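Student: Dumping what TrEMBL says about this protein:
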{"type": "TRANSMEM", "residues": "A:30-49", "note": "transmembrane segment"}
{"type": "DOMAIN", "residues": "A:64-114", "note": "domain 'NADH-Ubiquinone oxidoreductase (complex I) chain 5 N-terminal'"}
{"type": "TRANSMEM", "residues": "A:80-100", "note": "transmembrane segment"}
{"type": "TRANSMEM", "residues": "A:112-131", "note": "transmembrane segment"}
{"type": "DOMAIN", "residues": "A:130-419", "note": "domain 'NADH:quinone oxidoreductase/Mrp antiporter transmembrane'"}
{"type": "TRANSMEM", "residues": "A:137-156", "note": "transmembrane segment"}
{"type": "TRANSMEM", "residues": "A:168-187", "note": "transmembrane segment"}
{"type": "TRANSMEM", "residues": "A:245-269", "note": "transmembrane segment"}
{"type": "TRANSMEM", "residues": "A:303-325", "note": "transmembrane segment"}
{"type": "TRANSMEM", "residues": "A:331-352", "note": "transmembrane segment"}
{"type": "TRANSMEM", "residues": "A:373-391", "note": "transmembrane segment"}
{"type": "TRANSMEM", "residues": "A:406-431", "note": "transmembrane segment"}
{"type": "TRANSMEM", "residues": "A:493-514", "note": "transmembrane segment"}
{"type": "TRANSMEM", "residues": "A:594-618", "note": "transmembrane segment"}
Amino acid sequence: MMENAWLIPLFPLISFLLLLVVGKQLKERSAYVGMLLTFASFVGSLFVLNERLTMPTYKAEYVWLTIGTMKLTAGFEVSALNALMLLIVSLVSFLVHMYSKGYMHGDERFPVFYAYLGLFTFAMLGLVLSPNLLQTYIFWELVGLGSFLLIGFYFYKEEAKAAAKKAFIMTRIGDVGLLIGMILLFWQVGSFEYDEIFTAVANGDVSSSLLTLSAILIFVGAIGKSGQFPLHTWLPDAMEGPTPVSALIHAATMVAAGVYLVAALFPLYEASETAMMTVAIVGGFTAIFAASIGLVQKDIKRILAYSTVSQLGYMMLALGSAGYVAGVFHLMTHAFFKALLFLAAGSVIHAVHTQNIEEMGGLWRKMQLTAPLFLIGTLAISGFPLFSGFFSKDEILIAAWNHGHVGLFILAVIAAFFTAFYMFRLFFLVFTGEARLDAHHVHESPSVMTIPMMVLGVLAIGSGYVQTPWFGAFLGEWLTEGTHWHAHEEGPSWIMIVATMVSLLGIFVAWLMYGKKALARDWLSSRFPLLYNVLFNKYYVDEFYGSTVVYATKAVSILCQYIDRFLVEGMANLIAATASGIGRLGARLQNGQVQMYGTVTIIGLALLVVIFAVTGGYL
Amino acid sequence: MEMETLLKYEWGVMMPEFIILGVATILSLIDLFMPKDRNRRPLALFALTGVVVALVSLLSLLSVDVTSILGDTFRLDSFAKAFKVLLFLGGALVLLLSLHYEPQEGLLYRGEFYYLFLTALLGAMMMASSGDLITLFVGLELLSISSYILVGLRKKYALANESALKYVISGGIATAITLFGMSYIFGFTGTTNIKEIAQYLNETVDLGHQYVLALAFFLTLIGLSFKLAAAPFHMWAPDVYQGAPTPVTAFLSVVSKTAGFVIVLRLLVSVFAQIPAEGSNSPSMLLSLQDYIAFLAAVTMILGNTIALKQRNVKRMLAYSSIAHAGYVLVAFATLSMFMFDAVWFYLLAYLLMNFGAFAILQVVSAQSQSEDIQVFAGLYKRSPMMAVAMAIFLLSLAGIPGTAGFIGKVNIFLGAFVTEPAHYVLAAIMIATTVVSYVYYFGIFVQMFFRPVEDKRKIEWPIGIIVVVAVCAFGTILFGLFPSIAYDFLGQFDHFSDFLQ
């Protein structure tokens, strides 16, 4: 099956083309076309993964273009990482296809939506099969296009239009870095092939300064796609797109592409300590930066968006700390639990028709499937013991600690606290307490929407067990086969305890602030009586936190938001203003009088001649 | 000249030129004797047939070795062959566009419309093949004068008159400057034959004359930048493009620009690459002056792309975009890499396809709405989905997005800037940065087509000629974007134009 892996991306492409042509006739039956074809991709990915478990990496390519002595190739490669990504992408994509059948029901552009989903899935699957940088770049851009179309799907809304444009342009800024880095590498190595690049790096054919430069430039591309600071601003805005899109693109696939790129080029990064440090610092900073912003948001999807940014920061931190397995592992678990959270959030929005969590409340009883599933996702992302996020986050913390990044380690621990806090704040506000809106019409979503959530729920719990300190590092051993990378990070056991404590603390603080006043007392005390009593006696800590820590964190997060809004966006605006300023100046010279045109020409000519005379020493 | 020598020439190599000349002459006679009220559209098909036959005859000449006739004034080398293929493609597409062109006040001189395209094309072909300053100049003027008339063909339309006048005046200035530069070259060498000039300068030039020779270089380059619509001679372009009939605008922005690059390469490379540079840091004078070309390329890219941001009139926007594209091609020229000819040729091919496609769609859409404002594209996806998708392909290609010919063209130029020694980082960086700027205005049209509600609910009629142009261009844009090796295999037979100076 591995030699036929190229078929996997073709199914969604067929779906895209088919729906473009006959979508109008099929109407909502388009969903079946999309589902069937992505399911075929999923089955194919399963077979490929199964085969790759026992067989070595498979690679096929042919010469695509010859310029002089340069040869550019095209093909595909099934490595362990690629096989894993294939499965994640095709599975989440299939589930989103299924979910959207319920969520997008009644939308007049229903077939178009499915066509776009097909295009995006094709691009993403193509991306994770690429054996060289050039092909990666092509699919990378195609992924960007798919995302642009999907974010702007509700184009009649001004915000959606602006968000689509912003996402496209912000990621393009990163792509410029990727392109330059890629070309620098090509110039040095003479090939875009991953294998040849790695061989050249290993042999020391690339000077260390250029290696660092190109690695960092490529990382700039990853920063853009994975919403890392300072190019993250597009991701929260991208929540204007339909919610299933957020689950597919902004949780599991496209934003993970940046992490994937760094992982796929890991030997390159490993060769440069500076590049590794950059990745780690950007990741660590983004993790806490985005988490602190998440604390004060009110829009359910925006909170999830900031949490995505923060979790991607974790993955970058892991990769930058030589934790290859940790980064990829968290990529996988995050894909499942974040997709689950987005789909569950979509289910909530579908029921209450608002995204403001302050207007929600008491939904636990009304949505008896969505609520527990959302809770599973929340527990997983908070790093609650025995859920998938617990194992992968642990691995990251140990990697950071082992690599000697103590400062970043502390940041990551604090970010873990924030994560637990804001996720449970979200949970309590939405599902517990008084119903804050007239909720007679609130009902559970149809089963076509809840089944994908259940599948993801199972994975959000179970996917952590492929790599645990207790049952062995199966995933790590498979991923690192044939390399010298650690299959599993051995770390002091107190790290796991600290991580657990921090996440429990976050949950507790959230409960004190948002859950306590209502039924929460019974709920917690019946399950964790000991913990409850200990914490109950510390009652005044609540107020203390309220007036100091929370206040301070709020201040920090508001500050961060201001940095975000004025400094980062300000700089972006400055660049845009410069371009349009030159444009205005040029347009003013264009006054419609032909004398002016002639004058400009003559002045230009005179200028060149004079400069030549002066620099050439003829005057 | 003796009759005998005249007969000895291999006139066969001029076959394509004779065909175009013959068809143009016949057309003008038919037009003269045809009754006034008769429909003159079939003439376009006749002209089109002529272009196709000429193309076929050119293809049959592909395997012929370098031949020069008429005392080395006309030469058929691989450079001439390759670029004439582009000129014919452009000519054929222009005729298809003009077949359906119908301004609101009607077109009084439709016959002239068609045969003037042919004479302009003939001028461009002569430029591609000339081996002498005189034929080069005559070709240039034949192209220019035909274009002046074409721009002003809508006699009753004020904007067209203004355009034509501006074009003539600017063209006059350009011609004067070019001729001034050529006169220096002639003054130095005493001959108008390019090959002899090159030989003479290479062997006997006094290095003390470097400054005057550089003056000649700058004068010719600036004068010729008029045809390229490159800085500092770009300002006529937006006004003229806007006022001219759309097929003529397409012609100016593609065929005329291609001819401009043909003459720039032909003249400047063969003459100035042969002059040893003073101080001998670089092997030739052209190389020592490449920074100046790079400077012009940078200014052209920056001006074209930034001013385009301010335009709401799509034709003006495409005019500035065409200035920007001239800048990209100038980058290839400035870097003077081994693949320069290949890169320029491929880019011009890609540009021909994507630009003609865009103009074809613009022609129909703007004619229906009687406006060229960007709003006429609003909701095009709803009105004609296929055409909107085709336009999207052209815009993506113009913006240089992977999967399109425009991307391959840009990559080639970009790689060319890196493989030379020393590499041109700054120039490459400016190219990338301005390309990013260009996304903004190309995607402006994108947004209109896909995301704006329909303004004008009427159904759009797509004439057959336009459909053919759009289909050919879209197919070519994708084909050469995915399989550029097809084009490179074609170029491969020319062996990097190694016979350029033979």
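Backbone N, Cα and C atoms are what each Cβ position is placed from, and that goes for glycine too.
Those TrEMBL annotations? Automatic predictions, nothing curated.
A quick note: this is a predicted structure, and the numbers were derived from the prediction, not measured.
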Student: Under 8 Å for C-beta pairs, could you tell me which stretch among A:80-100, A:303-325, A:373-391, A:493-514, A:594-618 has the largest tally with the transmembrane segment (A:112-131)?
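Tutor: Result: A:80-100.
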Student: Answer yes if the transmembrane segment (A:331-352) and the transmembrane segment (A:80-100) have at least three CB pairs under 8 Å among residue pairs 6 or more apart in sequence, and no otherwise.
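Tutor: Between the transmembrane segment (A:331-352) and the transmembrane segment (A:80-100), contact is present.
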Student: Using DSSP, what is the helix/strand/coil residue split across the domain 'NADH-Ubiquinone oxidoreductase (complex I) chain 5 N-terminal' (A:64-114)?
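Tutor: Within the domain 'NADH-Ubiquinone oxidoreductase (complex I) chain 5 N-terminal' (A:64-114) the tally stands at 29 helix, 13 strand, 9 coil.
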Student: Residue list, the transmembrane segment (A:80-100) vs rest of chain: Cβ under 8 Å, 6 or more residues beyond ends.
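Tutor: Contacts with the transmembrane segment (A:80-100): 5, 8, 12, 31, 34-35, 38-39, 41-42, 44-46, 48-49, 52, 57, 113-114, 117, 121, 124-125, 128-129, 242, 244-245, 247-248, 251-253, 256, 260, 263-264, 328, 331-332, 335-336, 339, 343, 346, 448-449, 451-453, 455-456, 478-479, 481.
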